[in-house]
């Protein structure tokens, strides 16, 4: 194909382009450039010098362009609003109904000339009041067509004709008084027409491609099969495809042989089971005959499944040293016979205990190494946790009592008086209930601090003293409930004489 003499190159920002004014361009050169740039011959370069082609190319730029005669627009005195009145009203919604077009246009079957001739001859045989109208005829034919399409969609292939009894279900939806007297005769007409067209639908339908050879040149065939263009194959791809096919063929053949072998194995198993069953039944019959005839012989002939003797495994040949000339039995120093020393149970238990002890010590050592340089704040830590140091400014006060000389006369609890000896002693109770022993050592002893304030005054600060009980508050009705609270003190009173009474805290509110 011919190419232009001037080949335009792609513009680049790095290539300088000359800028020319109109007076700097030669007119002849400009005309040659424009003609060569816009005219493409469309033929090979060797045929561009052909005489007729050159004449056409020379006359292409000289001849005037032809225009299509189109009438120009003209102003009209007629008004569209006067001719067409605006009677359209705006609806509340854009959707007026949701029915399809087929449901709105009514009957889909159209009568043909054959149907008109049949209906005319059919009505001549009946009274004017019993004649069939064109609309009812089309409705009956439509019911027949729809029923045949549902019941026998491939009727054109297997030549299946729907019977009249199957058509009655669709006719019940029509007006029975008008349709049913004529349904049988119309069915015969419909059946005749269907057989005439090869049992194809009578409706006007799109024609699809049924046979590629016969429908190839038919212009009314729609939706033809799309021809898929095969990709070009190289030689390497052909070799790969052949290898894949060979491998697939081999795998399929191996699978087939496995299936056949499995089938033969199952057949042999079934035959073996039958033979074993027959042998078992014959043995049972033989036993019955021997018992009935009183034959007392051995039953070894009835046993055919004897255990097979297994061959002893051959021991590996080991080169043994030559036997000594004199065989001597070793004798122990204590005179006991030589035999393998038996392991005692106590030794085994001691060995296991030692292993467990070593394992536990190793785990403890590993845990200690793991917790090294760490403080364990969990419950029950392995190492003690040092709490916060107490404030050095406060010191606990220890109570000390001075020594008191012994009394000159014995007190009553130490030595009884003569009058007390005459009094009968009360028997000691067998059971005595005591409260929970309390530790005299307080958990939080009071702390004191000495400091010097203004004007050199000495101050003693106390901390940790029990707070005094709060005064009783009045109840909701205004009366103090002191008596009720004090009466409950005996329930929690400690009967121990040698323990000090702890202060009773009264709850200020209920």
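From the backbone N, Cα and C atoms, a Cβ is placed for every residue, glycine too.
The region 'Disordered' annotation in TrEMBL falls on one of the ranges 217-265, 462-510, namely 462-510. Range annotated as region 'Disordered' by TrEMBL, chosen from 381-402, 403-424: 403-424. As annotated in TrEMBL, region 'Disordered' covers the listed stretch 297-336 rather than the other ranges in 177-216, 297-336.
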